[in-house]
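J.: One structure is given below, represented as C-alpha cells, and several questions about it will come after.
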Amino acid sequence: MKTTIGVIGSGSWGTALVNLLTQNGYHVNWFVQSQEIREHVYEYGHNPHYLSSASLNMSRLRVTIKIDDLIEASSIIILVVPSAFLHSVLSKSTYPLKDKKVVSAVKGIIPESNEIVADYLFREFNVPREHFAMIAGPSHAEEVSSEKLTYLTVASEHVDLAKELKLLLKNHHINVKISHDIVGTEFAAVAKNVYAIAAGIYHGLGYGDNFQAVLVCNATQEMREFMSKVCRVNADIIESAYLGDLLVTMYSQYSRNRNFGVMIGKGYSVKYARMEMLQIAEGYYGAKGLAHFMEKLNIDMPIAEAVFNVLYEGQNASNVFSELSNELS
Ligand SMILES: NC(=O)C1=CN([C@@H]2O[C@H](COP(=O)(O)OP(=O)(O)OC[C@H]3O[C@@H](n4cnc5c(N)ncnc54)[C@H](OP(=O)(O)O)[C@@H]3O)[C@@H](O)[C@H]2O)C=CC1
Ligand SMILES: O=C(CO)COP(=O)(O)O
C-alpha cells in the first residue's frame with residue numbers, strides 16, 4: 001500500500017517536517033489551523049507565520065483545515081501541535097486513530113492529564129502501542145529547514161515502524177537513529193526544555209559560560225536520576241536524543257525555551273515574557289508537568305523546582321537562582 005502521510009500542526013517544526021518529507025519525495029496531507037493559512041500556502045507556497053522563508057513543494061502537498069479528512073486519507077499521522085493544544089486540536093476529530101500509525105513530534109506533557117503523549121494517545125484514542133512512534137533528537141526546525149546536518153531519533157516499540165519512519169525521514173542532511181525507548185525519549189524531551197529555561201534565566205541574570213557549563217553538568221545528572229525513576233528501560237543518557245537535545249536546547253540561539261528564560265532573567269514578568277513569545281516555549285508547561293512527577297514519585301529535582309517556583313509560584317528569579325547556584329556542584 002502506498003504510504004500517505006498526514007501532518008497535524010503548522011508551527012515551525014510541522015513546517016520543517018512537511019518540507020523535509022515532500023523534499024524526500026512523499027505526498028503529504030497537512031492540517032493547518034485556519035482557512036487563511038491554507039489559502040496563503042496555496043497562493044505563495046510558504047507558511048505565512050513560521051519558517052516563512054522555506055519554499056514548499058506544492059506539487060506534493062495537500063493542505064486542509066478538515067482534520068477528519070486528513071486522518072481518513074493518511075496511513076501515518078504525525079502530530080506536531082504544542083502539547084498545550086494537542087487535546088483541543090484532536091478533540092475536533094471524530095475519525096478513529098486506532099487503525100493509523102501515529103507519530104508524535106511533540107516535546108511536552110499533556111497539561112490536562114499530566115501524561116506523556118504516548119500514554120495520552122493509548123488511553124484517549126486506543127492507539128495500539130505498536131502503532132506509536134516518536135521523533136526526537138536535537139533538531140531545531142530552522143536548521144533542518146536550511147539543510148544543516150541533523151541526527152534525529154525515532155523511538156518505537158515496533159522496530160518495523162521505526163524502520164519505516166527512518167526511510168521517510170533520512171536524506172543527505174538527515175541521519176536517523178532508532179530507539180525502542182518511547183518513555184525515556186519523551187520524558188527527556190520534556191525535561192530538557194525546562195533546563196533550557198534555567199539556562200536562559202541564568203544568562204539573562206548575567207551569569208557567564210563558566211557557570212553555564214556547571215549548570216549543564218548538574219542538569220544532566222538531575223535528568224539522569226529522573227529518567228532512572230520514570231523509564232521502564234535502562235537508558236544511556238549519553239545519546240543524542242537525551243544529552244544531545246539537552247545541550248542544543250540549553251545552548252542554541254534558536255531555542256525558544258532558552259530565549260523565554262533569558263527574558264525572565266532580564267526581569268520580564270512571566271506573563272509579559274509569555275506574551276512576547278511568538279512561538280511556544282514547551283518548558284513553561286513542562287515545568288508544571290515535572291512538578292507533578294516530582295511530587296508523585298517523591299523525587300528531588302532542584303533545578304526543575306527552581307524553574308517551577310519562578311514560573312508558577314511568583315518567586316523572584318534572581319533570588320531563587322542565586323540560591324540554586326549555591327546548591328550546584
Ligand atoms: N521548533 C522546533 O525546532 C522543534 C519543535 N518541536 C516540538 O514541536 C511541537 C510544536 O512546536 P512548533 O512547531 O515549534 O510550534 P511553534 O512554536 O513554531 O508554533 C506554535 C504552533 O502552535 C499553534 N497554536 C498556537 N495557539 C494554539 C491554539 N490555541 N490551539 C491550537 N494551536 C495553537 C500555532 O498555530 P497557528 O499556526 O495558528 O499560529 C502553531 O502551529 C512542540 O512540542 C515542540 O516542542 C520539536 C522539535 C523541534
Ligand atoms: O526541541 C528542540 C530542539 O531539538 C526545540 O527546542 P525549543 O523549543 O527550545 O526551540
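Every residue gets a Cβ built from N, Cα and C, even glycine.
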J.: Among Phe85, Phe321, which residue does TrEMBL annotate as binding NAD(+) at the site that also has Gly9, Ser10, Gly11, Ser12, Trp13, Gly14, Ala141, Arg256?
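T.: Site partner of Gly9, Ser10, Gly11, Ser12, Trp13, Gly14, Ala141, Arg256 for NAD(+), according to TrEMBL: Phe85.
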J.: Arg256, Asn257 bind substrate in TrEMBL, but which of Lys98, Lys100, Lys101, Lys107 does that record place at the same site?
T.: Lys107
J.: Taking 8 Å from the centroid of the Cβ atoms of Lys107, Arg256, Asn257 as the cut-off, which other residues in that chain fall inside it around the substrate site?
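T.: Checked against the 8 Å cutoff, the neighbours are Asn193, Ala196, Thr249, Ser255, Phe260, Ile280, Ala281, Glu282, Gly283.
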J.: Please check the recorded positions Gly9, Trp13, Phe85, Lys192 against ligand 2 and give me the ones with CB under 6 A, sequence order.
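T.: If the test is a Cβ under 6 Å from any atom of ligand 2, the answer is none.
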J.: Fewest neighbouring Cβ atoms within 10 Å: which of the binding-site residues Gly9, Gly11?
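T.: Counting other Cβ atoms within 10 Å of each of the binding-site residues Gly9, Gly11 gives the minimum at Gly11.
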J.: Quick check on the recorded positions Lys192, Arg256: which one has the highest count of other Cβ atoms within 10 Å of its Cβ?
T.: Lys192
J.: What is the one among the binding-site residues Trp13, Phe85 whose Cβ has the most other Cβ atoms less than or equal to 10 Å away?
T.: Trp13
J.: Are there any residues at least 6 positions away along the chain from Asn257 (substrate binding site) with a Cβ closer than 8 Å to its Cβ? List them or say none.
T.: Asn193, Val194, Ala196, Ile197, Gly200, Thr249, Ala281, Glu282, Gly283
